[in-house]
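Report on the structure given below.
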Amino acid sequence: MIGKNNFFSKDNNSLIHNKILIIGGEILLVAIVFSAFFYFCYLIREIINPIILFLILIAALIPFWKYIWAKTSIVLILALFTLWVIKEAGYLVAPFIWGIFIAYMFDPLITKMQRKIPRIVGVLLIYIPLLILAIIFFIFILPRTIEQIEVILKTLPQYVDKIYNSISDMLITLSGKLNRTIGKSFDINLEIDSKAINDFLFGDSGVITLMYKKIIDFRFQNINSITKIFSIIFSYFVILPFVTFYLMLDFQNIKGRIIKLIPMRWQNSVSDIIKNSNYIINGYIVGMTILAVSFFVITYILLSITNTKYAFILALLRGILNYIPFIGPFAAFISALFIGVITEEIWWYGALKMCIIYGIIQVIDSGIMAPKILGKSVKIHPIAVMFSTIIGGVLFGLLGVLFAVPFCGIILIIIKNFFNKYYHSKFYTLTKRGE
């Protein structure tokens, strides 16, 4: 009773009341200052840019560093500014991101090798083959891919004419038959003339016209200046190899420093989450890479046996798009179907051939290889995979689609870790059922 009386005493109530007033005053002051600041930024929006805004906000928040809201605000501002830099200068930042990714992927293998040989030797044993593969890709694979794309684009108009003639003849014949049967019965004219078909396909807003414009725009949308081209070449041919080598060499030290920044009470939990996340991410990416290479080879063999034109680029597309769950294989099939229709003398034969070939590949993928290779490392429900892929694509585009499944796995690990702690907590174990 004494404790309760002390807690509800007049002095204690006054102290709580004063604290509430102080906190409320601070919140009100911050709200007024920020409102005035954003209004000022709105007035000078023509001359301000994100860098100036970032510096002003950080300078304004530093005096309030002792408050938790100020620290949180600074972290959020830094995160937003980093995202803006990546968006605006992604082609310069990308080599560092890819360097971190490659170092992260090969770190477990290098760490195992480090038990028997010096780390630098292990790094060189991984780095040199990767460098050779990259050189082979840029010297042999990339030029051949570009060459086949250029051939497709050059011959596209004649293929389009062929498609147009086939579709036009088919629709005119079909409309004539419908007009003679259904049209006469209901007194409706169902005949279609060639001009209407031409406008629908090749008019200013025609289906084929819009598709062709999209292809041309896609080719040139990221290469709009000589400076940018040289920046991209310098980034990937000079910065990326250099960054990757030193990150692979010093990855364990960097990881240790990052973990040290985390409060000590959370370090063990975070280390466990990182360890489990590494298992899922490494398993997923290595597994998907094995599948991608396998399906490139399988697709190329099947397309070559059936004398399909552009077999190399279609096989490469099937392999690369395999990294995107559900959507990727379907997009590769649609591309192959289009090539099959426009390159074969009889269009329906080309369509049927592609349906059979890609049907066989999909059965091998979903029925045999994917469960065997990915089943043990990535135990995520297919609905969760589909949902995370869609959300990742909507929020972050292509990168979101590519990394949606590993990120989903990490979130599931964090949730599982939380519930494990909850089930072993006193709150859960000391609470009787029904109370």
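Every residue gets a Cβ built from N, Cα and C, even glycine.
Here is what TrEMBL records for this protein:
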type: TRANSMEM; residues: 20-44; note: transmembrane segment
type: TRANSMEM; residues: 51-69; note: transmembrane segment
type: TRANSMEM; residues: 89-110; note: transmembrane segment
type: TRANSMEM; residues: 122-142; note: transmembrane segment
type: TRANSMEM; residues: 229-249; note: transmembrane segment
type: TRANSMEM; residues: 279-303; note: transmembrane segment
type: TRANSMEM; residues: 323-343; note: transmembrane segment
type: TRANSMEM; residues: 355-374; note: transmembrane segment
type: TRANSMEM; residues: 386-415; note: transmembrane segment
Contact set, same chain, for the transmembrane segment (122-142): CB under 8 Å, 6 or more residues outside the stretch: 102, 106, 109-110, 113-114, 241, 244-245, 248-249, 316
Ranked first among 51-69, 279-303, 323-343, 386-415 for CB pairs under 8 angstroms with the transmembrane segment (355-374): 279-303
In contact by Cβ distance (the transmembrane segment (51-69), the transmembrane segment (386-415); 3 or more pairs under 8 Å): no
